[in-house]
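Below is one structure, written out as structure tokens; comments come after it.
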Amino acid sequence: MMKLTCVLIIAVLFLTACQLTTAETRDEYRAVRSSDEVRNSRSCSGSGYGCKNTPCCAGLTCRGPRQGPICL
């Protein structure tokens, strides 16, 4: 009876560890995929949005301090 209990405890711990490592991997890839989708969804920044890494849309000018300019 004691051996069966030990085997069950080890099996539960192993399955829990497998689920945790799988969940971490999925979340990691989801974050990368999400940031790529956001980056690809906007080709220019609208009025009031940052223009440090993305150019302003037509008719807007990038103005402001070097650390955080915005499109006006």
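Each Cβ is built from the backbone N, Cα and C atoms, and glycine gets one as well.
Summarising the annotation, Swiss-Prot assigns disulfide bond to Cys44-Cys57 (among others). Under a cutoff of 8 A between CB atoms, and with a sequence separation of 6+ in the same chain, the neighbours of Cys57 (disulfide bond) are Cys44, Ser45, Gly46, Ser47, Cys71.
Around the Cβ of Cys62 (disulfide bond), the same chain contributes Cys51, Pro55, Cys56, Pro69, Ile70, Cys71, Leu72, each under 8 angstroms and 6 or more positions distant in sequence. Positions annotated as disulfide bond by Swiss-Prot, on the basis of similarity to another entry: Cys51-Cys62 (among others).
Of all Cβ atoms in the protein chains displayed, 20 besides its own lie within 10 Å of the Cβ of Cys56 (disulfide bond). The disulfide bond annotation in Swiss-Prot covers Cys56-Cys71 (among others).
Swiss-Prot lists 1-23 with the feature signal peptide.
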(message) Quick check on the disulfide-bonded residues: of Cys44, Cys51, Cys71, whose CB has the lowest count of neighbouring CB atoms inside 10 Å?
(response) Cys44
